Amino acid sequence: MSATIVEKIFSQHCKRPIRAGRVVMVPVDAAMIHDITGPLAIRVFGEMGGERVFDPERIIMLFDHQVPADSIPAAENHVFMRRFADEQGIRNYDLREGVCHQVVMEKGKAAPGEIVVGTDSHTCTYGAAGAFATGIGSTDMGFVLKFGALYFRVPESILLEIDGTFGRRVGAKDLILSLAGDIGADGATYMALEFTGRAIREMDMAGRMTCANMAIEMGAKAGIVPPDATTWGYVTERRAIEPFDLASDPDASYRERRHYDVTDLAPQVAVPHNVDNVVDVTEVAGTRIDQVFIGSCTNGRYEDLEEAAEVLGSADRFAESVRVIVIPASRTEYLKALRAGLIERFVEAGALVEAPCCGPCMGGAFGLLAPGEVSLSTSNRNFRGRQGSTAASVYLSSPATAAASALYGEITDPREV
Ligand SMILES: CC(C)[C@H](C(=O)O)[C@@H](O)C(=O)O
Ligand code: SF4
């Protein structure tokens, strides 16, 4: 019987054929917790009588939302989590390595065919590695920490066939914003989005991560890119694993099949205050902005910084009227950008370059907006109040559009720079 890639992943974990709609208890291959959601998960683990975690090697703990600690309660959370890591022997790597999703991917902790959970909604990012990855609540995570397994209702899938080739300065972020605009913030609720087609096949891992990352912005349980040579190249560089075939059967049963072509796609912008409120950049060009944020688990990779630096070109400075905040998503990405001279260019041009963390993305740590201020951000959410005052406005775009806009102090079409 034919199956989607998601049904195959669940079937392999259950060792019997499983189709969408079934509720099954499955073992997870890895579990990620961070500084905001981790403490509650650890407490639930304790309340369940948990003494030892199911496997310290499969648990990834990271600090990213509030680092360095921006309040005494945040510092207390960090202490609590460090103590738990020591007690349990959770020693994957430095807790301050960077934004959780970037770190899980770059350390090879998610691989094709695996099931990975995390107490963060953008855990779906690891679908770029061909894993079924999804965000779960801290209570569920308490159970996972103890038992290494969780109940799932196996989701139906929507097949996205994305054809064409991107125009100059248009890419993965523009695609995923346009999909959010078309499908809507709740258009894929509890489904898996399967990304296929030429535009995806030709996309690098950074772009695939940007796409999978935002599956949740359409309500999806997961986003997944069937593994190909690009995926295996990335994963085998990071862990010892033999490539194998894993793809949906051509006659698999989908909830829906949708076709798109990126050839004529313009740079996209999500306008306040919803991610699915998406327009071509030309419709909002000229909107004055106070802050630009280039970073986050959506667009804080080396490739994103390179895209922004390319738009900056040989210009002396970003516009005086704009605060430009650049945050590489991890220490590894930071070092790559540093060694390539990108960080130097951003600092010369007037940007504030911060150490890897979530930064202003969630308005948690710093970079907050005052009432009436406007931000353009390469992150994934522009909800009211997300980056500070509820009377501020957040627009979302690609790194190229963000850099072009930072140069002129207003939303700018990067194709014109
Ligand atoms: C803090 C965390 C629970 C949250 C999430 O789950 O996504 C955050 O990362 C976000 O982006 O809003
Ligand atoms: S960078 Fe933003 S979206 Fe990503 S995990 Fe951090 S707060 Fe959430």
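Using N, Cα and C of the backbone, Cβ positions are placed for all residues, glycine too.
What you are looking at is a predicted structure, and each value in this text was computed from that prediction instead of being measured.
The annotation in TrEMBL ties CYS358, CYS361 to [4Fe-4S] cluster, and of the candidates under consideration, CYS211, CYS297, the one tied to the same site is CYS297. Other than CYS297, CYS358, CYS361, the residues of this chain whose Cβ falls within 8 Å of the Cβ centroid of the [4Fe-4S] cluster site are, in sequence order, ASP64, HIS65, VAL99, HIS122, GLY295, SER296, THR298, GLY300, ALA329, CYS357, GLY359, MET362, SER379, ASN380.
Counting every protein chain shown, the number of other Cβ atoms lying within 10 Å of the Cβ of CYS361 ([4Fe-4S] cluster binding site) is 28.
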